[in-house]
Each structure stands twice: as C-alpha cells, then as structure tokens.
C-alpha cells in the first residue's frame, strides 16, 4: 500500500526555456515594501518597475534590454514608497503612481531616455487620508483614474483637471485588496479584508451585488486571508462573470491556489455606458 505524501502537480512535466542574457533586464533593484502588488507594469513601449528606496520607480524601454545602469534615471516625486503603478490604456507615454504619502501622481514619460530623474508630475491628486495602494485607469473613458486607499475610500478622478468625479465611501468596512473594471467600465468589482466581494455601479454610487461571507476556501474563518485579486471576465460579454483568485488555507502544505468564477445576479446593470461622463470630459477639454 503506497502513501502519497506530496501532492502531484499537473505541470510536473512542463519545463521553461530561459531567455538569453541580452534579452532580459539585469541589476534592477525591486522594492521590498510589504504590500500586495505586482510592483511592475508594462505597455507596448515601456516596462515600469517600482524600485527599492524612497518614492521612486524606474521606466525602461522595451526595445533596449540587458544590464541596467545603476545610475539610470528614475521617476521620483513621492515622499514615501510607491505602492502601485498603472499605464494609461489611451496613451502609452502616461503612467500613474500611488504612494504611502497618500497622493496619486500622473507622469508623462518621453520616448527618449532622460538624462536626469523625472521629478515633476503632470498632476498630483490629493484626497485620501491614508496611504493609497491601488490605482486603475478606466478602460473606455479618457482621463478617468480610480484610486483606493487604506481609508476605505474609492475615488474616481478627472486627470485632465485634477478634480474628484466621484467618492465612493461607506461601502467597505475594511481594507480594500483589489479593484477591477468590467469590459465597458460601467461597473467595478472589489475584494475586501471583510471577506466580501462587491460589484459597484459608480454612476449610481450603489452596490449592485455583494457576496455574503461564509466559511469556505475563499471566505475562510477569521484569521485566514480572503481573496486578493478580482478580475472581470471579458470573454463573454452577454453573460459576464467575475474571477476571484485566492488560496485555500485548509490544504496541507503551502496552500492550494484556486480561481472560482462568479456571475453577478443583476447582469442588466452591465450594459450601462459612461455617456454623461464622456460628455463632461469633452467639455473640460
């Protein structure tokens, strides 16, 4: 009678091929801040990485790989460590950064490699009372940026004017872990430390759907982490679903990674448009 001690992996016969040294980036100082973030963002032109030390991140052109000079110019302006960065989907030279200093900054990155550090942002957005750990650009509306902070607030900004468009408060009772937009930007989904997943209509400033906490791998008992990442599914627009990434702490060993998919109970809300918001932004421009 055999006893299987180690759980067999489906990918035990899959092997990766490492790229050559001239096709990768080397000698990059990555931030050691204890925050759940990818610490990097990429678009068709640039790779941005939150670097170690101070409120800075580095921007590297995709066309030039290899060893990174230790004196490579940085994007600096925050007075505390940067926690999240996100490239604008409508302009490959615009990136936003969120920091522990409670501010969000938007930067214009030139096509050439600058000689000195970039220290002047295009706009500084101030409205959070605690550190800002999440930022996300609206997928269809220009100049609309979302930020979520440790003050449990979700703020939508007009980057063109630096004004707040919406402030979603009293919707989260604890720390917000992640935020994701649906395909047309009419809804957003959030995961929270209170073990709930919320679908929010920002125009109406109301919660469309919320998952009730329960004792399960993705809504475990007190003391275990809830889901960290939520991602709307764009592959089936008539019947949208939400994918939630988390870990099963009840499994032996390091924990089993799971990805359940949920369907919001009110799909009729998913077909709204941001026509009024587009009109306001066009007037501002």
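Each Cβ is built from the backbone N, Cα and C atoms, and glycine gets one as well.
TrEMBL labels come from automatic prediction, so no person has curated them.
What TrEMBL records for this protein:
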COMPBIAS  260-272  compositional bias 'Basic residues'
COMPBIAS  273-285  compositional bias 'Basic and acidic residues'
DOMAIN    4-66  domain 'DUF1899'
REGION    249-285  region 'Disordered'
REPEAT    75-109  repeat 'WD'
REPEAT    125-167  repeat 'WD'
REPEAT    169-210  repeat 'WD'
Residues of the parent chain within Cβ reach of the repeat 'WD' (125-167), under 8 Å, 6 or more residues beyond its termini: 35, 37, 80, 83-90, 96-106, 173-176, 178-181, 183-185, 188, 190, 200, 202, 205, 274, 277-278, 280-281, 284-285
Mean predicted confidence [pLDDT] for the repeat 'WD' (125-167): 94
Number of helical, extended and coil residues in the repeat 'WD' (125-167), per DSSP: 0 helix, 24 strand, 19 coil
